[in-house]
Amino acid sequence: MSRILVLYHSLWGHVEQMAEAEAEGARSVSGIQVDVRRVPETMPAETLAAVHAKTHQAAPEAHPDDLANYDGIIFGTPTRFGNMTGQMRNFLDRTGNLWQEGRLVGKVGSVFVSTATQHGGQETTLTSFHTFLFHQGMLVVGVPYSCTELMNMDEISGGTPYGASTMSKGDGSRQPSANELTIARFQGRHVAEITRKLFG
């Protein structure tokens, strides 16, 4: 049985919702075990309170060494100035031993993101995150246009061929749309199907 990890960082819960949709899509593929984990929060408690962060999230925290236990990993992060969050960056920077030992080489990797605005850096965050996957020797998977929701022009929506995405609005009031969650489920299923083909 192939194993997939959905690993995310979420401040207001938007990426958390997308992570659950990714996991739902992956679980729809038979012969796949899916775990959802989050990276440790590094922001001080008083700062989290000041920005009204969602501090209670069901997913347990992950350790960098956990990544080697999976055949596919789907990463999710909010965007900070066109890049992943510092919390996710801190977590990934602790995977040097995995890189030295080649323990992620040949595994499947994919990414989804959340931004505050429609043009808030979704694609730059996705593609810059891919650099980490390439350095680890992972096989990068996006969202093909067979996911017809990518072509939806009836509403403002996230979703790119590089990975699923959503928008939170500056105050966090906008929640992931049905279209965005459908794309996330598609991505999760797509990653799971490829992982199963590679690892059984």
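Just so it is clear, glycine is given a Cβ too, placed from its N, Cα and C backbone atoms.
Pulled from Swiss-Prot:
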DOMAIN    4-191  domain 'Flavodoxin-like'
BINDING   10-15, 79-81, 114-120, H135  FMN binding site
BINDING   W12  NAD(+) binding site
BINDING   W99  substrate binding site
Other CB atoms, at most 10 A from the CB of T79 (FMN binding site): 26
Secondary-structure category, per DSSP, in which G13 (FMN binding site) falls: coil
Rounded to the nearest Å - Cα separation of S10 (FMN binding site) and the residue listed as 'substrate binding site': 25
Assigned element (helix, strand, coil) containing G120 (FMN binding site), judged by DSSP: coil
Residue, out of the binding-site residues S10, S114, T117, whose Cβ gathers the largest set of other Cβ atoms within 10 Å: S114
W12 (NAD(+) binding site) and T79 (FMN binding site), distance between Cα atoms, whole Å: 12
For the binding-site residues W12, W99, the one whose C-beta sees the most other C-beta atoms within 10 angstroms: W12
Which of G13, G120, all binding-site residues, has a Cβ with the fewest other Cβ atoms inside 10 Å: G13
Residue pair T117 (FMN binding site), the residue listed as 'substrate binding site' - Cα distance, angstrom, rounded: 34
S114 (FMN binding site) to W99 (substrate binding site) - Cα separation in whole Å: 27
